There are 2 protein chains.
Amino acid sequence: MARVNENYLKLPGSYLFSEIARRVNQYKKENPDADIIRLGIGDVTQPLAPAVVEAMKKAVAEMGSPDTFRGYGPEQGYEFLIEQIIENDFRSRGVELAVDEVFISDGAKTDTANFQEIFGINNILAVSDPVYPVYVDSNVMAGRTGMVNDKGQFEKIVYLPCTEENGMKPPLPRTRVDMIYLCFPNNPTGMTISKEELKVWVDYARENRSVILFDAAYEAYIREEGVPHSIFEIEGAREVAVEFRSFSKTAGFTGTRCAYTIVPKEVKAYDSNDQAHSLNPMWLRRQTTKFNGVSYPVQAAAAATFTEEGKKQVREIIDYYMENARIIRKGLEEAGYKVFGGVNAPYIWLKTPGNMRSWDFFDKLMRQVHVVGTPGAGFGAHGEGYFRLTAFATRANTERAIERIRTRM
Amino acid sequence: MARVNENYLKLPGSYLFSEIARRVNQYKKENPDADIIRLGIGDVTQPLAPAVVEAMKKAVAEMGSPDTFRGYGPEQGYEFLIEQIIENDFRSRGVELAVDEVFISDGAKTDTANFQEIFGINNILAVSDPVYPVYVDSNVMAGRTGMVNDKGQFEKIVYLPCTEENGMKPPLPRTRVDMIYLCFPNNPTGMTISKEELKVWVDYARENRSVILFDAAYEAYIREEGVPHSIFEIEGAREVAVEFRSFSKTAGFTGTRCAYTIVPKEVKAYDSNDQAHSLNPMWLRRQTTKFNGVSYPVQAAAAATFTEEGKKQVREIIDYYMENARIIRKGLEEAGYKVFGGVNAPYIWLKTPGNMRSWDFFDKLMRQVHVVGTPGAGFGAHGEGYFRLTAFATRANTERAIERIRTRM
C-alpha cells in the first residue's frame, strides 16, 4: 500500500497568499465596483528592459535555426551567464568565485526550498520570525520539524524574534543550531544588517560548524554604504555560507524565471563519523539528478542585464520601485505610522495602530480604503501586529494607495 | 554541527553521461581529427518549429510592454496551455481531465525526480531493469533505499528484469510493491506494451493500493495502433496512476524546457492510520511551496505546438526522427544485430555481438568507427550486453553512422 509523506499533514491548510486571494475575491464579489489597489504579493509590474527583450528574442530566433539551435544545456547553467554574474555581481565587490561555484536555476524560491535536501534530517534549523514561509514549509515537508503549535510555530525549529526592540535584527540562537536561514535585505521587514553584524553570524557558524543559507534576493535594492550585498564580503563566509540570488526582483523576472545560487567549495557539512563533505559536489549531484537547466532564451535574457545598456535600464526599474518605497515610507510616517524597511529594500513593514491584529488591519485596509497588503501574522508569530506593503506597484497606484491611507484611515 | 544527507553518499561516483563524456573527451584529445558521430545522449538536433518560434517571440515582446507584461503566473501553469493539453493530448483519445489535474513544469526529469517527495520514506519501489537512472537516484537521495551492491542495484528496490526472453516487458513483481515506475515507450529499450498488458499493471496497483508513476515522455513517437498513448486510456487508471509528459522530445524543447504531469484527483496514498489522502492537493502543495511556475514565453511556445500549423510542423520533426529510427533499425538488422525498439520510439536497443560487455562495445564503436552510443550497463544490471542508439541526430549523421557500423564493425 502506497504511503504518503506524513510530514505534509503537519502543514496548516491555507497558505498566506491563497487566504489573501480568497478574502479579496470574496470582497470583490460583494463589491464589484471597488477599485482595489494591491500592495500585497511581492510581484513586479514594470516590463522587462528593452535590452533584455532584444536578447531574448535573438535567442529565440537562434532556437529556430539548425545552425544555432541548442538542446540540453548544462544543468548548472551556461558559462556565458555565470561569467557575467561573477564579474558584475561579485568581482566588482572584491569577491572571487569559480565558475563551478555558481548554479543557475529557475528561481530563488526553488533554490531556497530545495537546498535543504542535501542536509540530514536531524539538523536543527534557525529562522527569523517573521520569516519567508518557504524556508519553514520546505523543511516541514522534508521531516526536519515536529508538529505545529497554536502560534503557528513548529517544534524543533529555533525561531529568532525580530522585534521593534532589536530593530528587526534576529538575535543569535540561545541553543546550538545547524542550519541558519538569513535574508537580507529582509523579506518581509525590509531591514538590513551591517557587515559587522553579519560577521557575528559568520563567526557563530564557523564556531559551531553550522551552515548559513543566505537569501540575498533583494540585494539590488541596497542604497546605503556599509550594507553587505553578499555574505561573501564577510571574512570566513566561504567556509560556512551559501547564497541565493535572483533576477526576479532585480530585473523584473518574476514571470521569466531565472535565479542562481553560490556554493563555495569550502562549505562543508558532516556525516555521522564527523567526516566533512563539501556541499558543492552534493548540490551539483542534486541538480544534475533532479533538474535539467534553465531555458536557453531565459539565460540569454538574464545575461543581457549585464550589458552596459541592460545595467542602465535595470537600474532605472529599481530606481522606480525605490521611489515608490520612499513615497510609501514618507506617507506612512506623516500619517503617524511606525515604519521599518523601504530604505534598502522594496518592502515596508509597518506597525499596526493600537496593536491591531494584522488580519484585522488587512480587512480594515481592504474595506475602508480598498488597499490590499500582507498581514504580518502570515510571516510568523512575531509578525502579529505588523503589516507588509510592497513598492512593486505602478507609481500612480502607489501614490493613490498612500493618499487613501493618509486621508481615510 | 550541520549534517549531510547521508543517502547521497550511497550514490556511486560517476553518472552515466559524465562517464561517456569523459571517455569521448579523452579519445578526442588523443585523436583530435576523429570525426565522431554522437548517437548517445537523448538530445534533439532539429530546431524549434517556426510556429513555436513565432509564438515565443510574440510572448517575449508582450513581456516588454507595460500593458501585456506578466509577473508571477500560477505555479501549476497557465490555463491557456493546460486547456490545449487536455483538448489535444487527452480528449482526442477519450480521456477527460480537469484543469486542476494538469501541472505544467520545467521538465519531465524534474517531475519524475520530484514526485517521490510526497510519498513516505518506507514505500517499496519497483523499477524496470534497465531503467532511466533518475527514478532510482532520486529515491536513493530521499532515503527510500538501502546500499548499492556490486551489480549497481540498491537494497529495498524491486528490479523487474526486461530481457530478450520476456520481450523487454517488465514482469509483475513477486513481492508486494507500493510505488511502480513504468516508462512506455521505454527509455532505453524503445519498446511499448499493449493496452491489455498495461491493464495488468493497473489491476495490480488497484489490488495492492500501489501507485504507478507512468512516464510517457516519448508518447508522440508511437506509430502502431493498439499501443496506449496515456495510461488513462486504461480503465481504473485514474485511481492509481500519475503520468509524466514532456515537450522535450515531442517538440524539440530539450533546451527550451517545458513538461507536465497529470495527477487525477482519485489517486490516493495512505497515512499510518490507513486513511486515504488524495495526491493531487499534496502535489499542488509541493509545487506551490518548492516551485514558482514556468517562464511565460516558454508556456506560450508550448501552446503553439497545438495550433494547426504547430501540430503539422511538430509532426514533421517527429517523422524526421522516426525515419532516422527506421534507418538505424534496418541497417543494424541487415548487419546481423538483434534489435529492439525504434518502431514506436526514438531509441534503438541492440544486443551486443557475442555477449560483449556494453562498455567494451562502447569503446570498440568509438575507436573503430567513431560512433558514440550509450552502454546498456549504464541503465542497470540487465542492460549489460545491450547498447542504446538514439534517432535524434541529423539525417546525414545517422546515415553515416549506420554505414560505418555496417561496413567497418
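Glycine too: its Cβ is placed from the backbone N, Cα and C atoms.
Quick look at what TrEMBL annotates:
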BINDING   A:Tyr15, A:Gly42, A:Lys109, A:Tyr132, A:Asn187, A:Asn292, A:Arg388  substrate binding site
DOMAIN    A:35-405  domain 'Aminotransferase class I/classII large'
BINDING   A:Tyr72, A:Ala108, A:Lys109, A:Tyr132, A:Asn187, A:Tyr218, A:Ser246, A:Phe247, A:Ser248, A:Arg257, A:Asn292  pyridoxal 5'-phosphate binding site
MOD_RES   A:Lys249  N6-(pyridoxal phosphate)lysine
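Within 10 Å of A:Gly42 (substrate binding site), as judged by C-alpha distances, the recorded positions found are A:Lys249; the full candidate list was A:Tyr72, A:Ser246, A:Lys249. With an 8 Å limit on C-beta distances, the binding-site residues from A:Tyr15, A:Gly42, A:Lys109, A:Asn187, A:Arg388 that reach chain B are A:Tyr15, A:Lys109. For A:Asn292 (substrate binding site), the nearest of the recorded positions by C-alpha distance turns out to be A:Tyr72; the candidates were A:Tyr72, A:Ser246, A:Ser248, A:Lys249.
Cα-Cα distance from A:Arg388 (substrate binding site) to A:Lys249 (N6-(pyridoxal phosphate)lysine): 16 Å (rounded to the nearest whole number).
Ranking the binding-site residues A:Tyr15, A:Tyr72, A:Tyr132 by other CB atoms within 10 A of the CB puts A:Tyr15 at the bottom.
A:Arg388 (substrate binding site) is surrounded by 27 other CB atoms, counting those within 10 A of its CB over all protein chains shown. Comparing local CB density within 10 A for the binding-site residues A:Asn187, A:Ser246, A:Ser248, A:Asn292, the maximum falls on A:Ser246. Taking A:Tyr15, A:Lys109, A:Tyr132, A:Asn187 as the binding-site residues under consideration, the smallest Cα distance to A:Ser248 (pyridoxal 5'-phosphate binding site) is found for A:Lys109. When the Cα atoms are compared, A:Tyr132 (substrate binding site) and A:Ser246 (pyridoxal 5'-phosphate binding site) turn out to be 15 Å apart. Long-range Cβ neighbours of A:Lys109 (substrate binding site) (same chain, at least 6 residues apart, Cβ-Cβ under 8 Å): A:Val134.
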